Amino acid sequence: MTPLTDALPLVKERRPPPLLPLPWVLPSLFAACNVVLLVFLSGLFFAFPCRWLAQNGEWAFPVVTGPLFVLTFFSLVSLNFSDPGILHQGSAEQGPLTMHVVWVNHRAFRLQWCPKCCFHCPPGTYHCPWCNVCVEDFDHHCKWVNNCIGHRNFRFFMLLVLSLCLYSGALLVTCLIFLVRTTHLPFSTDKAVAIVVAAPAAGFLVPLSLLLLIQAVSVSSADRTHEGKCRHLQGYNPFDQGCASNWYLTICAPRGPKYMAEAVQLQTAVGPDWTPMPNLHSPTSPQACPCLQPQPLGPYKPGKGPPGSG
């Protein structure tokens, strides 16, 4: 008698499903907790030590710390929901075998092909593995706000770091002055809250100051954090236009087109009054649309031009 195992067909063992990436809910909750922590500590500060100083005629402390809190809260929320410069996905018709080269201030850059977004990335563009998008002038992915820092929101990031430094320093100085002026009074809730607020303010002040200094040096030399890690700029930096021009282009210059907004606009449904144009060529013909024909690549300017076009 043939064994039962020999009569049954061989069946491959099922492999366990691959591990899914970290859900977007957890990073979003972490960013939301940072906003709640800022509001909670600020509420304790204004309700206890700052109130005591104001009641005793020290109105300079709430006048200074109040606008700083508003500026910090505005910059934090704006950075959470800002567009870092996401480039919309291209067409799979473009092959990775096609090589595109652009020149930036007498230096050639070969455009790298992004297999996930299906287009050739302009210089300075990087595919963020956490957000799964390509970001123009990618600096880094900030987990504190759960957003990438790139061309369109870098000024909000600098504003956030600067306002956090000033606000943390103001909280620390105000709490210390309050504790000094109430040494003759017994220990109370106001003193406990002042210590609770001063401790995280002092802990965040030093790393934030170092981060602000590093980013200031990066802007002055036109060197992004990601580019420094990749070390693809050796010696001559073609993006450096001088310290003053670099600061102007980063903080004050127009940010250029919003690529995601253009992608949504291109997908707008056609109205019923639309009529086709006569005498059109076949879609497979090279004369069907002049924009599909190969175009010569010119000098690339950061923040201008469609993605992948150089």
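Note: Cβ is positioned from N, Cα and C throughout, glycine not excepted.
Looking at the stretches 219-241, 265-287, 288-310, the one that TrEMBL records under the feature region 'Disordered' is 288-310. Break the domain 'Palmitoyltransferase DHHC' (110-226) down by DSSP state and the numbers are 62 helix, 19 strand, 36 coil. Within the chain carrying the transmembrane segment (192-214), a Cβ under 8 angstroms from the stretch's Cβ atoms is held by residues 41, 44-45, 47-49, 158, 161-162, 164-165, 168-169, 171-172, 175-176, 178-179, all 6 or more beyond its ends.
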